[in-house]
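Straight from TrEMBL, the features:
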{"type": "TRANSMEM", "residues": "37-60", "note": "transmembrane segment"}
{"type": "DOMAIN", "residues": "52-301", "note": "domain 'G-protein coupled receptors family 1 profile'"}
{"type": "TRANSMEM", "residues": "69-89", "note": "transmembrane segment"}
{"type": "TRANSMEM", "residues": "109-131", "note": "transmembrane segment"}
{"type": "TRANSMEM", "residues": "151-169", "note": "transmembrane segment"}
{"type": "TRANSMEM", "residues": "208-227", "note": "transmembrane segment"}
{"type": "TRANSMEM", "residues": "248-271", "note": "transmembrane segment"}
{"type": "TRANSMEM", "residues": "283-303", "note": "transmembrane segment"}
Amino acid sequence: MSLFSSRVLNNMELENLTQVAEFLLLGLSEDPQLQPVLFALLLATYLVTVLGNLLIILAVSSDSHLHTIMYFFLSILSLADICSTSTIVPKMLLNIQTESKTITYAGCLAQAYFFMVFLCMDNLLLTVMAYDHYVAICHPLHYMVIINPRLCVLLVLICLLISTVDALLHTLMLLRLSFCKHLEIPHFFCDLAQILKMACSDTLVNNTILLFATIFLGFGPVCGIIFSYAQIVSSILRIPSTGGKYKAFSTCGTHLCVVSLFYGASIWVYLNSAVTDSPRMSAVASVMYTVVTPMLNPFIYSLRNKDMKGALRKHTMGIFSILRCFKSPVVYL
């Protein structure tokens, strides 16, 4: 009986320790002299990311020339980029400003959950956009029949549902783990893989689910994108006119740049973490796909797309004119 009681008490202690556990996010650097520089760079990057993606959403929603399926998916992608960046960067800025590295257990799980949702959303949206380009170039006569507005909304909802269920499954599986002490995460946000390394209990089930999710939601979309662009290139090469080939390439060139940047950065982070034994170097490499890629997406779409460039220029000039009015108020006598 006493043995049973001691086991119950030990389990209760583990649960209590799990509830009050705080994680320490070690960040990108512990050098005090680098903290102001990191704060300024992260703040500037975050502001550019939010403003750039908001401009894309505003341009797509207000310009009638951009009321197409391709730009609908682009606006959803921009919204997902804003949300994914807002999940991790404000906490990084707060930790640097307050010189505190702690994050609560609940806050860490919430951050991991929302980041997984929006990262998976980005991944699936890029796949859907590749399919959209495939139908537009390989089956142009049937495009409006296959890619209709109802299907587009349905695809976005399916992407959101898959992302939410996947992130919820990982988060619920984290709740069964116990953390026995204050733990240091050698990263700038609560990454799922790093949290699993900090657990005191067995993580075999968690790692198995993570492996299957990586296969189906990682390699699956990549294979789909590769297949789509293989068919696109094959169709473009059969176009007889040079102008037609250029127009077809320009249609999917912007999306191909974003896909290359997103998956290239992710693969680079994976290879870097596999080669090096330094978790801090892996954290620095993760900045590419978590912070830099969402910031560069608006520039890529605005620089390589004439319609988007014109719409963004019009809205930017309008914003500057409004700011000029506030800066130089009229004085009434």
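From the backbone N, Cα and C atoms, a Cβ is placed for every residue, glycine too.
Below 8 angstroms of C-beta separation, residues 120, 123-124, 126-127, 130-131, 162, 166, 169-170, 173, 192-193, 196, 259, 263 of the same chain, each at least six residues beyond the ends of the transmembrane segment (208-227), sit close to that stretch.
Across the candidate stretches 109-131, 151-169, 248-271, the maximum count of CB pairs under 8 A to the transmembrane segment (69-89) is reached by 109-131. When pLDDT values are averaged over the domain 'G-protein coupled receptors family 1 profile' (52-301), the model yields 86.
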